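Features of the protein shown, as given by TrEMBL:
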ACT_SITE  227  active site, nucleophile
BINDING   255, 256, 257, 258, 278, 279, 280, 281  substrate binding site
């Protein structure tokens, strides 16, 4: 089941599986696969979230060539994932922080105006991507955070409600029963590997840089799908990119990852293309992989080469990180690159194929080079 979005009334109607099948059929009629002039409009998103892609694709088809629908497609496609609580990694009711609360991060970027609207650490509001859209459209700011973002959302007509569910409480209870393992503390007392805290700074020399980088980061994969990132492009090459996540399981209260940061979780530029990312947000946001991907395409690299740029840059410094980048140029040609997993799935819709799940094999670990002293 998906939903049909009506821009005039700002409402959604149910779209049945039969309707989705019809969309798929229509998307495959009379188009030669691979023709570069037949790749738009298009919608693409991270992970195997076909319902979100179906929503975005349906919205794009509300106008000829998806013209003036890319923002609606991204926002409502991601909203669908938030409503479905995609793998408990997006939307309410998943990944409680170390205080048992679920908070949300989200962003939407307009590739024409280069405007961004984002929220981080959003509390008690389910519709994170829609709130981010209001930041984009109703303010001159880029990012609102925490309780202030919640107050803004309420002023815009959103309802305040708990994001905690019975499932959230069970996850949190089991974590506490295991002495709060794993967690994201280091260089504190008592030992965070055996205790729940509260913690205080450890009076010891600073941890060596090599030891810092050897620590285990959040693992993503079949059970930790992290962010949904989505890109939509119409036949006039208008591009929007968006993201949404509820962040790391048992994160330190107040932690924000890469998803709501322009250039980290996502980036769009009508002159070039767009990129979205998912993975170890605390690492990936240090390298701005989606900005690197877009700039690589600006400099003539293919989407496949561009997607690898950020991944390889990160791998050079953090050999065990997990993450993926999708890159799309303004013509609708796309590719993905990943690391730390066996393969990475994503979903694509364009005139040659609709709601089509693809996978890419991930880059192998960078070989270790042992320097032998002369």
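Glycine residues also receive a Cβ, built from the backbone N, Cα and C atoms like all the rest.
What TrEMBL says about a protein is an automatic prediction, not a curated fact.
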**Request:** Within 10 Å of each Cβ, count the other Cβ atoms and name the one among the binding-site residues 258, 280 with the highest count.
**Result:** 258
**Prompt:** Minimum Cβ neighbour count within 10 Å among the recorded positions 227, 278: which residue?
**Reply:** 278
**Request:** Please work out the number of neighbouring Cβ atoms within 10 Å of the Cβ of residue 255 (substrate binding site), leaving out its own Cβ.
**Result:** 18
**Item:** Nearest recorded site to residue 227 (active site, nucleophile) by CA-CA distance, among binding-site residues 256, 257, 279, 280
**Value:** 279
**Item:** Fewest other Cβ within 10 angstroms of its own Cβ, chosen from the binding-site residues 257, 281
**Value:** 257
**Request:** Take the Cβ of residue 279 (substrate binding site) and count every other Cβ within 10 Å, whichever protein chain it belongs to.
**Result:** 31
**Message:** Within its own chain, what residues at least 6 apart in sequence put their Cβ under 8 Å from the Cβ of residue 256 (substrate binding site), listed in sequence order?
**Reply:** 105, 120, 121, 145, 247
